[in-house]
Amino acid sequence: MSVEDLKATVTKLQDRISYLEQKAGVVPNVPKSVRMVLIGPPGAGKGTQAPNLKEKYCACHLATGDMLRAQVAAKSALGVEAKKIMDQGGLVSDEIMVNMIKSELENNKECSNGFILDGFPRTIPQAEKLDSMLETRKTPLENAVELKIDDELLVARITGRLVHPASGRSYHKLFNPPKKDMIDDVSGDALVQRSDDNEDALKKRLVTYHKQTEPIVDYYRKTGIWSGVDASQKPGKVWDDILKCLGQK
């Protein structure tokens, strides 16, 4: 018997054992883990797709803006330090942001089967610091998925965007409306329209995004974990394409 034959036999045995254990209720049917960065401009659909990824992979969704606000509200050591900097008009350092992510990975039970990072990294130094921290933990990134879409379409999309602040779920007045006007489908909470979701503010954010993000995309291309998805498609098709990128289709 060749080495390849042995490997095939072992794989079949492992699959059979897993099946029998699950059937007997010995272990839960835990999905494949995920360790990824979701990249995309404001309005590309990260707020639509990230909750889907979280649910499918039983992983945590780390939207760094929300995470920062939560740490400040909780008055954690990192949150207090970050608030002091923000109150002085400064930018929170890369070290603080990476340590916040590290704290979530170590203390948030939802992160035990992986994580979806959203909104970080935005610069090459941030990407390098993140990689260093994750490699030290032996949980390196496996995928960097970019949601690609033309700026003109984004303007049409984002000016009708509605958000559920607590979960990050997002809707659109025309393209993806909630079942009840201005009400979140899942929780029944009121939806809000962000103050910076207007055309002028968006165009400024897009200039910053392109300037920051193009080098990040190149960085992940070079590491071999980047893949791109056409985010101008309907959400269901975008979801299918993301799963293909993650080897699930």
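Don't overthink the numbers, they just go from 1 along the chain as shown.
Cβ atoms here come from the backbone N, Cα and C positions, even for glycine.
Marked as ATP binding site by Swiss-Prot on the basis of sequence analysis: Gly43, Ala44, Gly45, Lys46, Gly47, Thr48, Arg161, Ser170, Tyr171, Gln233. For the recorded site, Gly45 (ATP binding site), the DSSP three-state label reads coil.
The region 'NMP' feature in Swiss-Prot is assigned to 63-92; the stated evidence is sequence analysis. In terms of DSSP helix, strand and coil, the region 'NMP' (63-92) has 22 helix, 1 strand, 7 coil.
The AMP binding site annotation in Swiss-Prot covers Thr64, Arg69, Gly90, Leu91, Val92, Gly119, Phe120, Pro121, Arg122, Gln126, Arg194, Arg205. For Phe120 (AMP binding site), the same-chain residues lying six or more positions away in sequence with a CB closer than 8 A to its CB are Val37, Leu62, Thr64, Met97, Ile101, Gln126, Leu130. DSSP classifies Phe120 (AMP binding site) as coil under the three-state reduction.
Residues annotated as region 'LID' in Swiss-Prot, with sequence analysis given as evidence: 160-197. Long-range contacts of the region 'LID' (160-197) within the same chain, counting only residues at least 6 positions beyond its ends with a Cβ under 8 Å from a Cβ of the stretch, are 43, 47-48, 50-51, 61, 63, 66, 205, 235.
Val92 (AMP binding site) sits 27 Å from Arg161 (ATP binding site), taking the C-alpha atoms as the reference points. Looking only at the binding-site residues Gly90, Arg122, Arg194, the one with its C-alpha closest to Gly43 (ATP binding site) is Arg194. Counting other Cβ atoms within 10 Å of each Cβ, the binding-site residues Gly45, Gly90 show the lowest value at Gly90. When the region 'LID' (160-197) is classified with DSSP, helix, strand and coil residues number 0 helix, 11 strand, 27 coil. Here Arg194 (AMP binding site) is compared against the binding-site residues Gly45, Gly47, Arg161, Tyr171, and the shortest C-alpha distance is to Arg161.
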